[in-house]
Amino acid sequence: MFPKTSFTSLIVGVFLLYVLHTCWVMYGIVYTKPCEKRRAESCISPYLAAKPRLQLSVYTALRPNADGGHSLIHREEEFDVNTKFEKLVNVSLPKKTRKNGTLYAMVFLHQAGVSPWQDPHQVHLVTQLTTYMLPKPPEISLITGQDEPEKPDQQKQSSDSELDRPVSHWRSRLTLNVVSENFLFDREALPGDVHRYMRVYQSGKKMIYLPLLFVDELSNRVKDLMEINSSSTELPLTITYDSIALGKLRFWIHMQDAVYSLQQFGFTEKDADEIKGIFVDTNLYFLALTFFVAAFHLLFDFLAFKNDISFWKHKKSMVGMSSKAVLWRCFSTIVIFLYLLDEQTSLLVLVPAGIGSLIEVWKVKKAFKIHVIWRGLTPTFLFGKLDESEKRTEEYDTLAMKYLSYLLYPLCVGGAVYALVFVKYKSWYSWIINSLVNGVYAFGFLFMLPQLFVNYKLKSVAHLPWKAFMYKAFNTFIDDVFAFIITMPTSHRLACFRDDVVFLVYLYQRWLYPVDRSRVNEYGVSYDEKPKGKSHED
């Protein structure tokens, strides 16, 4: 009655609906309908339209309400909302702040020549100049035992075992924005995100809103934080100002609220920093491209995962498949997971890496025909036997690994020894994990070569999961785009491009050895993925 719909088609349809819905929501965020009514009382006019003389003042205070004790750190006498600037100032730290306390910045935009405390038309915002984080563990040379020279207070802090307690860190950047466009708001359609930043006063029959001042919290990155100790009497603060469009302001408010919500759910400052980097390190055009690229990356990831699981679930024989390559993928994913765990990476990255490691362990179990028998709490592992065709594949696989080991082992050992001598680490475990993961990133693609060698010897590629390969190939090319857009380690960026080379060789072999999936090969196996229906006699 209804046409048959595959699960993949359903997922693609849901994905397209999600992308369209997201585009509609984003349009609603960045677009604000201006007031088009003729009556003045129906609109809210901008204070900046009269071009008043303004002044920007920045104070520090121990409490956010600034009931006394505030100190002026910067004043911009002739402030122009359309002129951006960057000023470096030195801020004196009170004694309470140096003793693991907090410090606030109070930013005032007010009439020139008038104290902000006496200006009825001033706008101000309060933001923290400090945040709490765990101190970075010290790194030492594992050969000599020497570390970087520390100040006496830092040595005392380490000796008192305070590395497990959050300490106050200094935010060295303060980024300010003011909406420069003279936008006319409709009183009956005022966006809720802008409303909390808006101060309005009555002038006759007209409603006038004061300048929209905004403190960009997304620009506060972990890399800019400085640990505060009792000897830190002064610390630098870079005050940056630039005008901002209304659409970008609304978008930034939503993103800032999203990051704050994640922190309320238990995300640490470092976890939130991973998300901030997506928005701060790229402009809005790249950000839009990143969204679409990431959405398709997620789709192809899911489809590759689905087809890969389906392929291995029904896999009965390892004919034409490199078991060494399967074992290597399992090892490399576990090493990368342990490396991310050691580096205290965000849960957004850590959890998928952990799930991927479990799946690779399951593949190894299928590839080596391992059966686990539990006798009480003691497991017994039984390995299945290989038939003649699988033994032939295993011979080619072993031969390829033999040639590969002549190149791979000296490179990995040499890199590990070099790192041990010239690089500092937190512990021996950290050195082992870093050496292994560097080997995975730098030379991991070499372990894809045994499968190419097996394909060459068998003159066949029919045994490979080509649907999963194609989806992974799309993701590989998407990763190439990300390699230019997103900040990442150089080794990971090179890893994106090296996979392209190997996959192009796979494509060449597929063209060289065409596949008739309906034909039964010399091992009595057909690679037709569509099961044939039962025949019925009339």
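Backbone N, Cα and C define each Cβ position, glycine as well.
Here Swiss-Prot flags N90, N100, N229 as N-linked glycosylation site. As annotated by Swiss-Prot, region 'Disordered' applies to 140-166. The topological domain 'Cytoplasmic' annotation in Swiss-Prot covers 1-9, 306-324, 424-428. Swiss-Prot lists 31-284, 342-402, 450-538 with the feature topological domain 'Extracellular'. Residues or ranges marked as transmembrane segment by Swiss-Prot: 10-30, 285-305, 325-341, 403-423, 429-449.
Location within the structure of each feature annotated in Swiss-Prot.
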residue : record                      : Cβ neighbours (10 Å)
N90     : N-linked glycosylation site : 10
N100    : N-linked glycosylation site : 16
N229    : N-linked glycosylation site : 18
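In summary, the transmembrane segment (285-305) does not lie against the transmembrane segment (325-341): fewer than three C-beta pairs, each 6 or more positions apart in sequence, are under 8 Å. Counting only same-chain residues 6+ beyond the ends of the topological domain 'Cytoplasmic' (306-324), those with a CB under 8 A from a CB of the stretch are 7-8, 359, 362-363, 366-368, 386-387, 389-390, 393-394, 397-398, 400-401, 447, 450-451, 453-455, 458, 460, 462-465, 467-468, 471, 523, 525. DSSP assignment over the topological domain 'Extracellular' (342-402) gives 37 helix, 12 strand, 12 coil. Across the topological domain 'Extracellular' (342-402), mean pLDDT in this model comes to 79. A gap of 16 Å separates the Cα atoms of N90 (N-linked glycosylation site) and N229 (N-linked glycosylation site). Residues in the topological domain 'Cytoplasmic' (424-428) partition by DSSP class (helix H, G, I; strand E, B; coil) as 1 helix, 1 strand, 3 coil. In the three-state DSSP classification, N100 (N-linked glycosylation site) falls within coil. A straight line from the CA of N100 (N-linked glycosylation site) to the CA of N229 (N-linked glycosylation site) spans 8 Å.
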